[in-house]
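Quick look at what Swiss-Prot annotates:
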- 31-51: transmembrane segment (TRANSMEM)
- 120: N-linked glycosylation site (CARBOHYD)
- 225-245: transmembrane segment (TRANSMEM)
- 265-285: transmembrane segment (TRANSMEM)
- 295-315: transmembrane segment (TRANSMEM)
- 354-374: transmembrane segment (TRANSMEM)
- 398-418: transmembrane segment (TRANSMEM)
- 481-716: domain 'ABC transporter 1' (DOMAIN)
- 517, 518, 519, 520, 521, 522, 523, 524: ATP 1 binding site (BINDING)
- 863-883: transmembrane segment (TRANSMEM)
- 1025-1045: transmembrane segment (TRANSMEM)
- 1071-1091: transmembrane segment (TRANSMEM)
- 1135-1155: transmembrane segment (TRANSMEM)
- 1163-1183: transmembrane segment (TRANSMEM)
- 1199-1219: transmembrane segment (TRANSMEM)
- 1287-1520: domain 'ABC transporter 2' (DOMAIN)
- 1325, 1326, 1327, 1328, 1329, 1330, 1331, 1332: ATP 2 binding site (BINDING)
């Protein structure tokens, strides 16, 4: 063991390097991340350069606006409502105003009739609407006589230079008549109420703008947009950060934590990297802000710190959201939405003055705090006298407080992320109490605490004593792992699920322990609990007296433990070496030992040749080896391995077994597996778990003796054998022997274990019967598979192929009946009820369309994108419509003193001030002042008249009272920053005069705006089409690119193999895609019509034009997308990129083909040549073509209209033809004649093999002779179903140099074999032996370089129609149900609907899939998926079936069901099957014959017993003694009886030997000797077993080909036997 110290710094640096490598290796993601960021920065820079305006205004002098009655405008009329005596009286007095002479005044009954009044738009209408006698509002057309904005923003310019003088916006009230109309109406109201005329007093009011100090103002809306884009400037970086973190937390962080990863190292690694990214963007944004003068007076460092702290707060916010939200995309989306929403909320600080408490509370939202900070900088710029400097305490308080809040936000989000990470339930069940931080145990680790056994931890199941083998004396006291009453519960959909139910046993140092059980038994849960990945519900687990569930002991446990979880643990963007180096540092291996340890692991697992390959490019088996390598880093004392050899070929699996055996001494190795032979060969102790409970535990010998069904006697026969006679002979010696398997070449019997004393006589008689057709025989012990099935309550003898293949002898008639029924169901011939030709094409078309509809319905992401784009297409129209609705509805803006002036006793509040009143009458104005105070205004009175109102810029407004006491005159001065100041002061003066006359009433004036309807809809229906048609063109990639995923999942290849017509596939897709796309287009047109202002008839006419164009456009664009998806089928789907491409192309040609500039001919050409532009081009032709253009082209208008309508249909036919050509020349060969595409099956020419067979095994030579004879025979009925003759396949390899000779790689060399009717031939070989290439040549995916393939007597499979193929991967649609899959393949293979229902029902019942028919495939277990793939392969009764690893991933029970089904499907039928597998037990159970490939050649072929006898080198002898003292004498006797015996295991009670075949033969003599040993030494039990097929395969796989692939094709083959390893 290596020393391991978990160091935070080492882990953080390792993860940081990993993150940088991720950015470098995943260039596409990094490019998009920075591209979006830089584009946003460039856009902000462009916005600031072109649109942003900064007004650096100098000091502005007083502007005199003159008297109110100076207004003189004749181009208006007045309209008032409602019509009453009071309003008539008021308006009659208004008519007496000087500026009203000769003006028309119109009365309306109410406001509604006023709006309906047909006015001449050339004359401005001043609308006066009275609420009551004292309240009214003046209503003007939008933008007429009053400013467009309701109020100045604090950062906008109140005055702008024009013709060398400053023009202030508030002057419009004075100069364009609003104040004049207001004064006249107010005078009329006062005179009506008081009978005193004040017309002269109000008409003589003099207005002026106050002197204004210098100011810096921003340019309105552009500034708002600029700030908004500053808020989202980090969005791209933060989005990818949140996605990356959420992905790692979801898949890797917990697994790395059980290897010792510190949480803080994980967060720091991402923080440091993205802090650097934030730093770069913050510098760039700060430079733009300063260069664009968005902030002028504030220093660069302050702006930079504002951006930097804001970016850092977003980093920690992404940490928090990644903890709360588990989906990567949703995390990124949520952060973006929160950033936009909170940032937009911050604009209230720019426009409104919020209460301090509310503003500082909202600053806990960092985007709000950032927007507030930007607003503060802009406000401080607004006054030249203020400045921001970090060293200036007087002016920098607010911005310093904002910076502090951003830092506080970052820390707060980080603390919350760490807190919620602790208390939220993790994937594996970790969760702390919400108040965990209040417990002292969290902060202070307990020292020297010893484990106390609690009452609920004591094992309480004494009934298991008989099922547990006693531990050998040498292991007593070496209990390394102690499991006490372990229970684990999960919360499932239907309540709590008990994964472990009171499990309790010990695991010992120096032993390899295997955990066995069915799927869902609790093996993985137990491994996760032992590793600390999943905490137990109750009970305890201790590893070397350290409690796994105690956090205090976690470091001690982690430093001695290595874990290989069920899922692969590696980063795909790192190489093998980099992955090992990363995890070595995480595990705390000392830095100077890391490289040495990594190199050692690479050597141990033989991965030196792949050490520089990215993990994502490794095969499944190589990834598994890498995960195991990560587990054994640091040579841990405890190894916990969850299915460590899953997906490995037998040779690699065997090497790992040897590695684990070498590391067994002084260590604890626990592994789970569903591969019983692995447990039998590798494990010293097997622990069976069933439904979370311990079933039994012990050595193989103990388990087989107690639960085994007996010895297997296998006989290899020839044609002269009489099976009946052999059975009689066996039963004469052992009456209770059972025949389990019978075929032409073999018989298999089960002999009870207790009858070993009868074996010598039986084998002696068998040796004498060699002339009766017995070529060879062998004996093997019961397997752990049989033990497993018996423990699960099922007998392998009853569940295997007993009676399916021939004669069945079973203890129960019920089992016999069920198995015979299964054989009848699976061998059912449905070929007579199939359809063909156009009827089959129509059936396939409907089936594909149905599946396409279901797929589209379940593709939520694509549907959401389509709906989003659909909505986006109408955003401009909707906004236009909303603007109209908002402005069409009259709104009032109340004008009151509280807008600008404080009330008495009110504390100072920016921007309110006192109202300055200056008395220059020379007498008292107490009555007027009293009337002002009665309005609730705080006054600042200058009774002596020494102050000048126009010089007082600190006030919002000032009133100077002139004249005499009874003939007062007024002068008003306004601060230009207060937009509505003049109307407010006019109301104040009017109410003051009203108060002088002792009236308590108050006049209230409101300003109002009306939006004229004629201002909307200026461009007609085509203006809206310019928005929605480009978006519509961008929708097709999201609808019609499903074939790419079908191709990548190999579903298309499976469909072609099953006999699907290519044209039926594409047309079936189009049958759904085109109507859906047309429906979207139609809805867009309907929405366009809804927003249109045209009359109903015009709308219907435009729809009649658009609909036929849209049908053709939908068809052409969908098929164009099909062509694109076919061409780029091997790449990514990239729907978004193609959508963007279609959008840009359409917009470009809309701009480029402006008919007024380029003419009709260019428009017609672009419409024809650019399919995405076709729809809008056709509509433009209909809507814009003039008669002059028609005459110029020399044709009639009707013909042009027809041509425009025809263009999309011509595109559709063109793309349909292109798709047909692509299918014909680029796709694999078709198995049927396509009636639409007219594609016929292509026959491959027979090319003679240039290489002679050379030296071959005699069985291989005989098979080659049989293959040649089968090809030559003319009798079709006698031909095998598969004939592979002299197959050779060469691949052209890549070269590193441009002019070097291309190297040839030969995958297969001169392969010849045949599969007879009713036969299952197993094709075995290690990875790279050529199995997959051979299968590809048989299916037609790969064309042989030489040789021929005949399927059921016809070369190339032309007459076959379809193949049955069960690939290794589950080529299924995850979002479709089992029933939908079955119905599709039944239709594709030609079964009529009525017959398909019956066939599907029978197959589903036979394979026990009834409960899963309506379940989605993604919810199924691996075993059910494999069953479904098998059913799909045999559906339709195909004569040729190819089975590639049919039972991979299934538990032993599921495997037995699958093997039984395979045997029942092919035995005694006209069908044949070729099966490839890495699982030798599967080959033994299913195959009639086995062919083993080595380096592209057939090494051997024959029955299993024949290969065992011919290539098996050893027998395995196991003996268990009762007392240790017998070991040495027994060993001496064994060596005397079997001189070449090699001892394998050295335990005190268990003795294991390898016996060469020479020492064992004859078997009768070997068993005679063993029986004598049993009697003389009082053995508890013994077993003698022949080499398994696994061991034969391993021996043959050691032979490696030495040919250089660059040699000529006729080079000879050399074989080398590598050094023998232990088996």
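From the backbone N, Cα and C atoms, a Cβ is placed for every residue, glycine too.
The model shown is predicted, which means the values in this text are computed figures rather than measured ones.
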**Item:** Residues that sit under 8 angstroms from residue 1331 (ATP 2 binding site) by C-beta distance, when 6+ apart in the chain
**Value:** 1323, 1324, 1325, 1476, 1493
**Complete:** With the cut-off at Cβ under 8 Å and a gap of six or more residues from its ends, the chain residues touching the transmembrane segment (1025-1045) are 852, 855-856, 859, 862, 865-866, 869-870, 872-874, 876-877, 1052, 1065, 1069, 1073, 1076-1077, 1080-1081, 1084, 1087-1088, 1117-1118, 1120-1122, 1124-1126, 1128-1129, 1131-1136, 1138-1140, 1142-1143, 1145-1147, 1150, 1172-1173, 1175-1176, 1179
**Prompt:** Taking the domain 'ABC transporter 2' (1287-1520) alone, what is its mean pLDDT?
**Reply:** 84
**Asked** So which of the binding-site residues is most packed in, judged by how many other Cβ atoms lie within 10 Å of its Cβ, out of 520, 522, 1328?
**Response** 522
**Request:** Write down the Cα-Cα distance for residue 1326 (ATP 2 binding site) and residue 520 (ATP 1 binding site), rounded and given in Å.
**Result:** 30
**Prompt:** In which DSSP state, out of helix, strand and coil, do we find residue 523 (ATP 1 binding site)?
**Reply:** helix
**Complete:** Same-chain residues at least 6 apart in sequence with Cβ under 8 Å of the Cβ of residue 521 (ATP 1 binding site), in sequence order, are 689, 690, 691, 692
**Prompt:** For the transmembrane segment (398-418) and the transmembrane segment (295-315), does the number of C-beta pairs under 8 Å, pairs 6 or more apart in sequence, reach 3 or more?
**Reply:** yes
**Asked** Applying the rule Cβ within 8 Å of the centroid of the Cβ atoms of 517, 518, 519, 520, 521, 522, 523, 524, what extra residues of the same chain belong around the ATP 1 site?
**Response** 525, 689, 1451
**Prompt:** Sequence gap of 6 or more, Cβ distance under 8 Å, 3 or more pairs: do the transmembrane segment (295-315) and the transmembrane segment (31-51) meet that?
**Reply:** no
**Request:** Let me know how many other Cβ atoms fall within 10 Å of the Cβ of residue 1327 (ATP 2 binding site).
**Result:** 16
**Request:** Please work out the number of neighbouring Cβ atoms within 10 Å of the Cβ of residue 1325 (ATP 2 binding site), leaving out its own Cβ.
**Result:** 28
**Asked** Counting across all protein chains shown, how many other Cβ atoms sit within 10 Å of the Cβ of residue 1326 (ATP 2 binding site)?
**Response** 23
**Item:** Distant-in-sequence Cβ neighbours of residue 518 (ATP 1 binding site), under 8 Å, six or more positions away
**Value:** 690, 788, 792, 1451, 1452, 1453
**Message:** In whole Å, how far does the CA atom of residue 522 (ATP 1 binding site) lie from that of residue 1326 (ATP 2 binding site)?
**Reply:** 31
